[in-house]
Amino acid sequence: MEMFYYIVFGVLSAVVAVLELSRTSKDRVATSSAFTSFKNNYLVVYSLMMAGDWLQGPYVYYLYSQYGFDKGDIGRLFIAGFGSSMLFGTIVGSLADKQGRRRACITYCVSYILSCITKHSPQYKILMLGRILGGIATSLLFSAFESWLVAEHNKRSFDPQWLSLTFSKAIFLGNGLVAIISGLFANLLTENLGFGPVAPFDAAACVLAIGMAIIMFSWTENYGDPSESKDLLGQFRVAAKAIASDEKIALLGAIQSLFEGSMYTFVFLWTPALSPHDEDIPHGFIFATFMLSSMLGSSIASRLMARAKPKVESYMQIVFIISALTLLLPVLTNILVGSSAEKGSSISFGGSIQLLGFCTFEACVGIFWPSIMKMRSQYIPEEARSTIMNFFRIPLNIFVCVVLYNVNAFPITIMFGMCSIFLFMASVLQRRLMVVAESQKPNWMPSDKFGDEEPLTA
């Protein structure tokens with residue numbers, strides 16, 4: 001493996017270490033022992049759930065290609081996953097509010113374990129079934145766990161500001177450290193130990209089973225609206241009314257869809273972007289480098305959220321602009337540098353530039369997750385939290401399905417350019433959200449500033 005990859009990984013590691021070791025009293029918050037115990041239990045579960053997801057990440061595209069499927073076939077498999085998330089995920093998310101978030105979290109584990117098992121089959125129909133199950137699981141991962149956390153946090157009467165602490169630590173661990181370890185472990189299983197590209201999926205199933213056992217024995221149930229007066233359609237109407245009547249919720253949904261749509265498109269495109277001529281690249285190590293970048297972003301976010309200013313609605317505008325610029329790099333390198341690499345050779349100069357840009361984009365992703373979680377906890381009503389969060393994923397999934405369906409119709413640079421435009425749009429909408437939130441704020445507001453005891457990240 002080239003020294004270039006080690007240098008990038010080493011520099012990022014050093015920056016994260018400096019940020020974590022240079023914390024001041026302004027970056028700390030005083031909490032209770034009861035909250036610490038609650039938070040640590042959630043972080044263990046969330047980290048295991050994310051490990052089950054991240055172990056699969058580097059080798060989904062690669063596994064399908066090893067089974068002999070081309071980019072179009074693989075695109076349709078991805079479409080099945082996002083389409084499933086759009087059609088079934090919304091229903092399952094609404095049932096989480098009605099039937100219980102703990103049950104929904106367990107359903108996530110079962111669905112994803114079954115999805116992992118299907119990866120042993122090279123049959124297209126079986127793989128398609130696995131993608132459908134994975135789509136349902138993804139909707140639950142990004143709605144049920146957060147909804148359970150917010151409801152349980154409030155039920156136990158913890159300080160609302162402590163939610164930011166849990167969010168930032170969850171992203172630092174689950175989307176950072178755990179993701180890095182998962183990427184490296186997947187690389188070890190597949191390439192170093194020679195177990196093949198299906199091995200990470202088996203490891204993921206084992207991790208998910210452990211997490212499910214902890215949920216079953218240590219979590220209590222909570223609901224959005226447990227009353228018998230609302231059926232499934234009633235839940236949908238409540239969610240739709242909340243979105244239509246509150247511009248902040250509608251803007252938040254649009255921003256989330258634009259960013260996550262670009263992010264998921266990036267997940268599908270980064271492999272062919274870095275190896276357009278089948279260059280030999282270390283997928284697992286690059287994936288771990290991306291997650292280290294995300295870890296850097298979550299560390300930056302924790303510092304930003306620990307201060308009264310800048311507000312999350314303010315700094316996210318800059319984050320979206322930087323994200324848009326980084327996804328323009330494949331377009332610019334294609335025009336200015338071109339590609340002269342041969343099949344099986346090492347990464348090209350243009351690919352190296354793109355890799356640095358992609359690491360910057362992943363740092364923006366690391367800032368995005370805890371920041372959007374904080375805004376959702378502020379603006380989305382509790383009685384339909386999971387339902388509304390899955391409503392947000394409908395335009396996201398439509399967008400990704402359209403892109404993947406036309407993956408062979410457009411050059412990869414066109415798709416990156418389109419993602420860049422959407423991220424610029426997200427920045428504009430974020431500006432509007434800030435204006436609306438400021439205009440509706442009462443004359444007196446309690447300070448958001450934290451105290452000075454516990455570090456915001458692990």
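Placement of Cβ uses the backbone N, Cα and C atoms for every residue, glycine included.
Per TrEMBL, these features apply:
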type: TRANSMEM; residues: 6-22; note: transmembrane segment
type: TRANSMEM; residues: 43-62; note: transmembrane segment
type: TRANSMEM; residues: 74-96; note: transmembrane segment
type: TRANSMEM; residues: 129-150; note: transmembrane segment
type: TRANSMEM; residues: 170-189; note: transmembrane segment
type: TRANSMEM; residues: 201-219; note: transmembrane segment
type: TRANSMEM; residues: 285-306; note: transmembrane segment
type: TRANSMEM; residues: 318-337; note: transmembrane segment
type: TRANSMEM; residues: 349-369; note: transmembrane segment
type: TRANSMEM; residues: 390-406; note: transmembrane segment
For the transmembrane segment (285-306), distant same-chain residues with Cβ under 8 A (at least six beyond the ends): 1, 5, 8-9, 12-13, 15-16, 19-20, 23, 26-29, 54, 57-58, 164, 168-169, 171-172, 175-177, 179-184, 186-187, 270, 274, 312, 315, 355, 358-371, 374, 449-450, 456-457
The transmembrane segment (129-150) vs the transmembrane segment (74-96): 3 or more CB pairs under 8 Å: yes
Dominant neighbour of the transmembrane segment (390-406) in 6-22, 43-62, 74-96, 170-189, 201-219, by Cβ pairs under 8 Å: 74-96
Best-contacting stretch, by C-beta pairs under 8 Å, relative to the transmembrane segment (6-22) and drawn from 43-62, 74-96, 170-189, 201-219, 349-369: 349-369
Same-chain residues at least 6 beyond the ends of the transmembrane segment (74-96) whose Cβ lies under 8 Å from its Cβ atoms: 61, 64-65, 103-104, 107, 124, 127-128, 131-136, 138-140, 143-144, 147, 224, 232, 235-236, 239, 264, 268, 384, 386-387, 389-391, 393-394, 397-398, 400-401, 404-405, 407-408
Long-range Cβ neighbours of the transmembrane segment (170-189) (under 8 Å; 6 or more residues past either end): 42-43, 46-47, 49-51, 54-59, 195, 199-200, 203, 282-285, 287-288, 290-292, 294-295, 298-299, 301-302, 365-366, 369-370, 373, 457-458
